[in-house]
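**Q** Shown below is the structure under consideration.
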Amino acid sequence: MEPTLDKCPGYNLYIGGFIGLRRPQALKNANITHIVSVLDWEFKDDAPLIRGYKHFHIPVDDVEDENLLEWFPRSNAFIQQGLDYRPDRGPNSSSGVNNLDEKGSGVYIHCAMGKSRSATILLAYLLWLSRQTPLAQGSETSDMVALPRKPLSVVEALQLLRQGRPIAEPNEGFMDQLHMYEDMGCPTTEKELTNHKIYRRWMNRRKVEESLRTMQAPEMENIIFEDEPFEKEANTSSKERMTEIAPGILAPDGTTEDKARQHPHLQAMSQVSIKCRKCRHVLATTPFVVEHEPPPHRDPNSHEQPHKDGTPLPPPQCAHIFLHPLSWMKEVLAEGKMEGRLTCPNKKCGANVGKFAWTGLRCSCGGWVTPGFGIIRTKVDEIVNQRRPSPSSFANKPSTQSAGQDTSCSTGSTSALRHPPGLKSKGNL
Ligand SMILES: [Zn+2]
Ligand SMILES: [Zn+2]
């Protein structure tokens, strides 16, 4: 039997382990002209194994926190070049239709085992390609299947690849990176990728994690303050793009509404302001609250059950409310300490409202939040802002009756928000 390589159905893309390089006949049978090596191995120039092939080397290990994502635009371009490759037959050889012309050239993508890294690179190409217009693909060869009309998802691409390579399985970190790439719309160029908000946020998170691994407080420039617009260099002036979502708290235009739309359960939550009990300064609103869960091994008979009435805030027995880093915490975070106090940003007040620890805080319910920015519940009031869900609602003065912990105030405008979407009809509940 002819030696063969595993093939992704519908494409002249082949995948395997390092051992594939030692099977010249299999490479030849597949018309391989281009090789992508995804492994931390030193290829000497003109190494015999890759001699005669166009070669692209991605020197990464198969560990979850390797950044393979940054390579996608380059590997995609190389793979595309490989698939489009036609050998220069010279001026006198027009009659010689060789095998390559019939089948098209092939690209061999390999790592050590042909399981995680190489699969990731191949999948990234499939994701990207499925988002390009078919005309640009130059797929005139006859045995190509019809290209998908709709953009492939990561799961669909993996299902396809596994038809040809059942063991294909990107590690968890690489799966996350593929999902991120999909979420970004599969940028073609490196610049589009590295400028993308999703990528930059991810890089910031990585840098923060890197600092924490060495027990260093993260650099201020890498901390994401959720209440600030991420695109600091955007052309529109920051003021234009900011909306005051609560007194003293600015957010990029649409943040609250967008989050509420994406997460319908937030619609009810987006009403709550967390105010300093002493001076009533707003510390946060619910989009900036980090939800947390108690450890799963808790005694189910304990009285610490979540509210059955669907109260969306963390259950009241939690002594802390955890927040994302917010701009009012800058001063203390700039000190570069691993942990410290959070004080009310109202200078005249300065009440101690909680604490932070980059290594995480443990709530009274037993749940850990890392990093932890914890507000002590007894130091604040949680106030339901009775507002209509319209973009201009903050122009109408939010009614902030001192409801204290009482989240049950219901008027015509809020009660509509309390129903899940689709259950708006009156008297249905
Ligand atoms: Zn205060
Ligand atoms: Zn808790």
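From the backbone N, Cα and C atoms, a Cβ is placed for every residue, glycine too.
Residues annotated as active site, phosphocysteine intermediate in TrEMBL: C111. Feature annotation from TrEMBL assigns compositional bias 'Basic and acidic residues' to 290-310. The compositional bias 'Polar residues' feature in TrEMBL is assigned to 388-416. The domain 'Tyrosine-protein phosphatase' annotation in TrEMBL covers 2-187. The region 'Disordered' feature in TrEMBL is assigned to 290-316, 388-429.
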**Q** How many other Cβ atoms are found within 10 Å of the Cβ atom of C111 (active site, phosphocysteine intermediate), counting all protein chains shown?
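**A** Result for C111 (active site, phosphocysteine intermediate): 26 other Cβ atoms within 10 Å.
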**Q** Need one number: mean pLDDT over the domain 'Tyrosine-protein phosphatase' (2-187).
**A** 87
**Q** According to DSSP, folded down to helix, strand and coil, what is the residue listed as 'active site, phosphocysteine intermediate'?
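**A** The three-state answer is coil.
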